[in-house]
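Look at TrEMBL and you will find 3-61 tagged as domain 'HTH lysR-type'.
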Amino acid sequence: MLLDLDQLRSFAAAADTLNFSEAGLRVGRVQSAISAQIKALEETTGQLLFERGRGKTMSLTPAGEKLLAHAHQMLRLNAAALSDLKQAGAHTAFSVGTTETYALSILPRMLSYFATSHPTVELTVICGTSLQLLQAVEEGKLDLAIVTDQPKSEGKTLIYEDELVWAAGPRFHVDPKTPLPLAFMPVGCEYRRRALKALDTLERPWRMAVNSLSPTGIRAAIRADLAVSAMPVASLEKDYRVLGKPEGLPELDGIRIVAYSHPEEANALANEFAALAAKVI
């Protein structure tokens, strides 16, 4: 049987940190994925690699100590082989764009994995609205866009799906007799478009209380209890309140986060990044 390099990479991280959560942060995976990889590696080797249990500090078994030395050696050889196969002095540029919301949440893990497998690629990261980024791809100014799915867009790979919800500060009160105060980024923001469409369909009066060019400004307005906004569940802060039917607000459609490249001019790196993004999220 063959040892899996991805499993060995997670095992080495877990052995170095003696903590599956920290190991997951190091290799860009959730704790449950690390646990599953360690279990698979133990099944492959037929050996218990870690001593762990209630009230016990996790430690390597003798078999784990032996495997760790081999794991480091195999990972070094793998990195050296990839490096040797790359053309000396080769220089490749790749540009990826996403919204600020995704840049702070899901993009770091994608970049980490991509940089590991493509260490010589010069990355350019651009932030903007979904519509701005899609237009940049269409005009050949951007290789790949990680955005909220748009109607009638082609050349996309599904990354993951999330709920879109109404978010408010802990002391915000919805007054059904007055227009609902909103905080959103400018026209072109997909969350804004969906939220306004849902409110207009319900014939719920609203007013734009806060406009911001950055999600940070939107979050400041929410924390100040000035307005509500719509955002993915994955982006909610711990002290936010989720509003809905009890407050007379319409349910929002779920969102699909996609990797979008030009349907006719996508390069190999764009295809690789999209496939990797769908795998690691």
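Note: Cβ is positioned from N, Cα and C throughout, glycine not excepted.
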Within the domain 'HTH lysR-type' (3-61), residues counted as helix, strand or coil by DSSP: 36 helix, 4 strand, 19 coil
Averaged over the domain 'HTH lysR-type' (3-61), the pLDDT of the predicted model comes to 89
